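Asks: Below, the features straight out of Swiss-Prot:
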type	residues	note
BINDING	H59, H122	Mg(2+) binding site
Amino acid sequence: MKVIFNADDFGLTQGVNQGIVKAHLDGVVKSTTLMVGMPAEQHAVQLAKQLPELKIGLHLRFTAGRPLTGERNLTDEHGVFTAYRDFWQRRDYQPEAIYHEAIAQVEHFLKLGLTLSHLDSHHHAHTHPQLAPIIYEVAKKYHVPLRDIGMAGEEAFGCRYHFTDFFYDQRLGIDPLMKHLLELKERFDLVEVMCHPAFVDPLLEKCSGYAKQREEELRILTSAQLIQLLVAHDIEITDYSALISAPLHSCV
C-alpha cells in the first residue's frame with residue numbers, strides 16, 4: 001500500500017509553513033496544499049521553491065479569509081467568507097460565484113510559479129452539496145486530482161483510493177495511526193492521510209482553534225519510529241504523482 005501524508009494549510013502562518021517544511025525534510029510529508037491569499041502565502045512560496053521534492057496543491061478557501069473575486073454571494077456583511085459554523089447550513093450559493101472564485105484561486109496559484117499537484121479545500125468545503133459538482137469540474141478543467149471524501153466513491157481514481165481524517169486531535173499517536181493504516185491496507189491500494197504539522201505562533205493561536213495539537217502532529221510525523229514501522233509493514237510514502245489526473249487513471 002502507498003500512503004500520501006498531505007499537510008494542509010501551507011501559507012496560513014509562518015509557523016505552519018516552517019512546521020510543514022520540517023515534516024517534509026525530516027519526516028513523511030511529501031505533499032502539501034497552499035492557501036492562497038492568506039498572511040503567509042509569499043513566505044510559503046519562497047520556501048516551496050527551495051523544495052523541489054515537495055508536491056504542492058491548492059487548499060481552496062470558502063470558509064476563511066476573503067474571496068479573491070469579491071463575490072458578495074460568498075461572504076458575510078463584512079466581506080469575509082461565511083463562517084465555518086454557517087457554511088454548511090447555506091443552500092443559496094450561486095454556482096457562478098463558486099466557479100469564478102475557484103478559478104481565481106487556481107489562477108492565482110499558477111501565477112506564483114508553482115506546479116499544481118491537486119486540489120482539496122479548507123474544512124472540506126469542496127464536499128458541500130452545492131460546491132462539490134462545481135469543484136469537480138474545476139479539477140477536470142486543470143487535469144488534476146481532487147481530494148475525495150466520499151464524493152465519487154472509493155474507486156474514483158481508478159484504484160482503491162481512500163481519504164482518512166483519522167490523524168487528528170484526540171486520535172494522535174504513532175500506535176493508533178499504524179493500527180488504522182494496517183486496517184486500511186487490507187482494503188486499499190492508496191490512502192491519503194490528512195495532517196496539520198506546525199510550529200505554533202501567535203497568529204495561529206489567534207486564527208485557529210486547532211493549534212497546540214499541530215506540534216504533536218509534527219513530532220509524530222518526524223518520528224524515526226513511525227518511519228521504521230512504515231518500512232517494516234511495506235507501506236510506501238508517496239505523493240499525488242501517484243494519481244496522475246482524476247479520475248481516469250490507475251494508481252502507479
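Note: Cβ is positioned from N, Cα and C throughout, glycine not excepted.
Map the listed features onto the structure and describe their local environment.
Replies: H59 (Mg(2+) binding site) has a Cβ environment of 28 other Cβ atoms inside 10 Å. Under the DSSP three-state reduction, H59 (Mg(2+) binding site) is assigned to strand.
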Asks: Which number gives the other C-beta atoms within 10 angstroms of the C-beta of H122 (Mg(2+) binding site), all protein chains shown included?
Replies: 21
